[in-house]
2 protein chains.
Amino acid sequence: MEPFVFERIGHQALRERIVTAETAASWIEDGMTLGLSGFTRAGDAKAVPTALIERAKRQPLKVDVYTGASLGSDIDKMMAEAGIVRKRLPFQADAAMRRKINERELLFVDQHLSHTAELVRSGVLKPIDYAIVEAVSITEDGMIIPTTSVGNSSIFVEKARRVIVELNVAQPKALYGFHDIYEVGKQGERTPIPLTKVDDRIGTIGIPVDLEKIAGIVVTNQTDSPSTIVPPDAETAAIAKHLIEFLRREVAAGRLSERLAPIQAGIGSVANAVLYGLLDSEFCDLEVYSEVLQDAMFDLLDAGKVRFASGCSITLSENKMKQVYHSLEAYRGKLVLRPQEISNHPELIRRLGLISINTALEADIYGNVNSTHVRGTQMMNGIGGSGDFARHARLTIFVTKSSAKHGAISSIVPFVSHVDHTEHDVDVIITEHGYADLRGLAPVERAPLIIEHCAHPDYRPQLRDYFAEALKRGGHTPHVLEQALSWHIRYEQLGTMREETYQLQ
Amino acid sequence: MEPFVFERIGHQALRERIVTAETAASWIEDGMTLGLSGFTRAGDAKAVPTALIERAKRQPLKVDVYTGASLGSDIDKMMAEAGIVRKRLPFQADAAMRRKINERELLFVDQHLSHTAELVRSGVLKPIDYAIVEAVSITEDGMIIPTTSVGNSSIFVEKARRVIVELNVAQPKALYGFHDIYEVGKQGERTPIPLTKVDDRIGTIGIPVDLEKIAGIVVTNQTDSPSTIVPPDAETAAIAKHLIEFLRREVAAGRLSERLAPIQAGIGSVANAVLYGLLDSEFCDLEVYSEVLQDAMFDLLDAGKVRFASGCSITLSENKMKQVYHSLEAYRGKLVLRPQEISNHPELIRRLGLISINTALEADIYGNVNSTHVRGTQMMNGIGGSGDFARHARLTIFVTKSSAKHGAISSIVPFVSHVDHTEHDVDVIITEHGYADLRGLAPVERAPLIIEHCAHPDYRPQLRDYFAEALKRGGHTPHVLEQALSWHIRYEQLGTMREETYQLQ
């Protein structure tokens, strides 16, 4: 083995445990449960899952797969296509796996990202046979230093029967020192999580591991797969503009300072665009307490707009990856990666008073938000951390383009086809047309704001008609039950939610 | 003034501020916002609101009314009927007010009970002109000692422009020392809430108040209105039996000890019956961290089954009230009353790892729960604290009878007409027929359990048919969209959800 590999394994005896991915994969038996590192395409275990998929071609098997969040490197795609997954949780974002989930060829459990660790710790979920976690190094005192994400790796390592480490020499060794691993302990026996500021360090720089549990170390050399973020367009830029405008009004009202409050922004192109919007704003000295640190975050750090960013993973485009990982020292002391249980912990989200910005799939006229299910039935990705943040943030903002599929789908509907965030948890909805500030409003006060400020103008007459008819029917939250889901049914039948093409049958 | 009144006002100068309820009511102007004490019929301000209602007969006015939760003493009823409320939050439970809300004669904002204080503190809600809070006494150093509930009184007193104290001599002076008032402070500047055990005292015995803000003290002599809990019946007893059986299995699996974990139980007859079920169980040395302490809780304390109970209010039947308030000393050191922000705080619920038991109005075959809206439109009471607990508890249990209105309504439906608790937050559903343990299950695994273990046998064939048809349509969460709300529509049109009487049109 090359010296540059050995120098990443501080603990001498462990150097004897280096095995091939194929060997490690051969230990995995049908029916086992695996806990994989990986969060939003970052820091995922790559070689052993790939070898397992290969092996399954000769020896079919099914395993349960727990992760941090979505995997990169096409692992979810390949696992789904190979049919080796019986149950998958808590999140995924791959098109092939999504198809298999919706065809019910595999079981998917969509969980709040802060909840999975509790369920593993308390023994509610099936125990983990192998934790397979990516590392940049293993220290002399036997701590696993994660790579570009922490995810659920620390609880997987603690609770798994055995551990396989993927030592990835393509991941920058300089990530050493960027992590802060904190274990909350058993419910009922734990003390307050001592974090009170986004840059507090409360744990260890790596994942403590019982060395006896390390079954093998697989050396790999493969970068994370780059993110597929599309650059801001006119609509996402308009959303960002409305967000800035809303934040300005909060500053003017004395509820926020120009430093705002720690920001969380969900994954994806809309959230990324919104962060770019902050780059040109007057807000400064910002703090971030989020899950995923995307491209925009590093531009904000570079511009000095963001003072400090706490996250659970770093997910970058190809170019940004090159830039960031070649100048990591510039970010030392300015960012930290935490377990997702900590990045998404209700205790901390509420204490810090975050401004939380997440993407809605659709919202209804009363402010209920669907983040997961297309037409109420087809899983998109999962709720992710949005519920962890929405319920507890100081300001819970959902953003979405007002329409999709070239206008055939309205993102504002009479009645959402699935609820992930209830009316009690949604403060502000923003589309490219404007924002609706729903705080302190009764349902019938919310509907006109959402319709007139957020809905696509083409859909406003239809929404106004629905609301007017609903008002006649009465109730605190007026609805016309037999029409409530008619927009989704129309789309299913006719390919559009628009009424002019809708023929009554 | 009688000496026994003076001895309840430790601070001499304040004795000069005693006024009549009519005088205090005369200070309230049209358009003002009032913050009233009161939580689940306990410790409500009684005299000033009553005088205000009287005054409004001559001088019409509208006010916004914030409270802890529901009021007793018919205050919500009288306010609603007098038409003096413009906006009401965060919870109510009165039939007359409910009617006015659903007729939209007043605006109702249904909030998580732990959220209201944050919204008052941060200035998101309209500022409070008068806090009107009931007290058993005011100490020499100027602290207001609340009566049978704390609710939002402490934040109302802190943030209101002026304060009116209703000194209620019918409330036992011995309540002094039973309260623990803790102020969390501004978001972003606060430290961890230092509570790690249900019996920890972390605050002061009363509500600190700037004495200059006390506009007047009104002396009253009126007990709380008794609770209207109905005794356990065969169905609620069966629910309790299934709960005990479920808890036994958790103990057998090593996930709980015989001391279980701190219990929260929602208000109402079902929750009360469930607690009575614990009385005859083998579980002992129990702890309670809840909102409302009802009759059953005192029987559990008397029997030595419950070691300590933390709550936000004491709501008792007439007989129980007599017994408890004449022997309060027996409970000293065994119970504490906290602000609802603390009794319901996500940070503490998750840290303590509660077993949370709340009532559902209806649940769907995938585990989504409706706690608030009859047929999706008519407000019942409000979400109350159920969302604070459900998202964060160790075990989130929803209980309901499997049918209502003599079988015309099934509590298990294909698709709930309103979502308060999403599939991500519901662990176990219990009816008189059994329980469904949904933890770690995908939607299609949950449906058969809920249908076969929880639904009323009369409705099982209909539910099975729906689920079978939905499976044919496909998807991660299969639905037949055009039939999803048909059960509610059928009930609206034909007065029953049963299919045999349903004529296709």
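Glycine residues also receive a Cβ, built from the backbone N, Cα and C atoms like all the rest.
TrEMBL annotations: computationally assigned, not manually curated.
Quick caveat, the model's predicted, so the values are computed rather than measured.
Feature annotation from TrEMBL assigns active site, 5-glutamyl coenzyme A thioester intermediate to A:Glu291. According to DSSP, A:Glu291 (active site, 5-glutamyl coenzyme A thioester intermediate) sits in a coil region rather than a helix or strand.
Residues within less than 8 Å, Cβ to Cβ, of A:Ser269 (CoA binding site) and separated from it by at least 6 positions along the same chain comprise A:Ile229, A:Val230, A:Pro231, A:Pro232, A:Thr236. Here TrEMBL flags A:Gly266, A:Ile267, A:Gly268, A:Ser269, A:Val270, A:Asn381, A:Gly385, A:Lys405 as CoA binding site.
Under the heading domain 'Acetyl-CoA hydrolase/transferase N-terminal', TrEMBL lists A:18-173.
In the domain 'Acetyl-CoA hydrolase/transferase C-terminal' (A:322-466), the DSSP tally of helix, strand and coil residues is 52 helix, 38 strand, 55 coil. The domain 'Acetyl-CoA hydrolase/transferase C-terminal' annotation in TrEMBL covers A:322-466.
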Just to be sure I understand the packing, how many Cβ atoms besides its own are within 10 Å of the Cβ of A:Lys405 (CoA binding site)?
11
Rounded to an integer, what is the Cα-Cα distance in Å between A:Gly385 (CoA binding site) and A:Glu291 (active site, 5-glutamyl coenzyme A thioester intermediate)?
8
Looking only at C-alpha atoms, tell me how far A:Lys405 (CoA binding site) is from A:Glu291 (active site, 5-glutamyl coenzyme A thioester intermediate), rounded to the nearest Å.
29
Using a Cβ cut-off under 8 Å and a sequence separation of 6 or more, which residues in the same chain sit near A:Val270 (CoA binding site)?
A:Thr236, A:Ile239, A:Thr359, A:Val399, A:Thr400, A:Lys401
Rounded Cα-Cα span from A:Glu291 (active site, 5-glutamyl coenzyme A thioester intermediate) to A:Gly268 (CoA binding site), Å:
12
Cα of A:Gly266 (CoA binding site) to Cα of A:Glu291 (active site, 5-glutamyl coenzyme A thioester intermediate): how many Å, rounded?
7
Which whole number of Å gives the largest C-alpha distance between any two of A:Gly266, A:Ile267, A:Gly268, A:Ser269, A:Val270, A:Asn381, A:Gly385, A:Lys405, the residues noted as binding CoA?
26
Can you tell me how far the Cα of A:Glu291 (active site, 5-glutamyl coenzyme A thioester intermediate) sits from the Cα of A:Asn381 (CoA binding site), in Å?
16
